[in-house]
Structure formats: structure tokens, C-alpha cells
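Please read the structure below before turning to the comments.
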């Protein structure tokens, strides 16, 4: 039998906005390209061209995915000269991502 931990809020207490944002976050994590980008960013800050090069992706693809992730506040950016550097906005989502990676690799 599976036991569920008690949380501060029951499922019935979740408001529509919270449900929507949680669903959007899982949607973000459902895309292999976004997972690869987040995993790379979990190792340190990178510029768009560096992400594209390391992941063998087009810069336009990386920029599009970073916009998506930034809109969900999963990544943040900072400008240095002509380059924009990206890093994780919040470690919580990275923790979930790492747990899922570990879960899928577990025998």
C-alpha cells in the first residue's frame, strides 16, 4: 500500500492559478530540448551561443526555448556586453528534474 505524505494544502485547496502554473512547469519539463538546457544550466551559467554549441542546437532553437523557460521563471538572464547569460531561477525545479533523471536511471 502506498502512503501519501500530508502536505500543508490538500488538493482541494489548490487554486486555479496554482494548478495552471504547476501544469505549465511540468509541460516545460516534458520537452527533451528544455530538459537538456535546464540540465546544462544546473552545472553553471551559460550564454546562448555556448548552450547551442554544447548541445549541438541552433541558436534560434535555444533562444526560443529559453524564452519559454524564462516566461515560467525557470531561468533568469543577465547581460554582459553583447552576451546574455542564463542560469536557473529556482533550485526547486532543478531538484525535481534531478530526481526524475535519477528515477529513470534507477534499476
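The chain as shown is numbered from 1 upward.
Cβ atoms are placed via backbone N, Cα and C, with glycine included.
The annotation domain 'HTH arsR-type' is assigned in Swiss-Prot to 14-107. Swiss-Prot lists 48-71 with the feature DNA-binding region, giving sequence analysis as the kind of evidence. Swiss-Prot lists 90, 92, 103, 106 with the feature Zn(2+) binding site.
Within its own chain, the DNA-binding region (48-71) is flanked in space by residues 28, 31, 33-34, 36-38, 40-41, 77, 83-84, 86, 89, which lie at least six positions past its ends and keep a Cβ under 8 Å from the stretch. Taking Cβ-Cβ distances under 8 Å and a sequence gap of 6 or more within the same chain, the neighbours of residue 90 (Zn(2+) binding site) are 73, 74. Taken as a whole, the DNA-binding region (48-71) shows an average pLDDT of 97 in this prediction. Within the DNA-binding region (48-71), the DSSP-based counts of helix, strand and coil residues read 21 helix, 0 strand, 3 coil. A sphere of 10 angstroms centred on the C-beta of residue 103 (Zn(2+) binding site) encloses 8 other C-beta atoms. Least crowded of the binding-site residues (92, 106), judged by neighbouring Cβ atoms within 10 Å of its own Cβ: 106.
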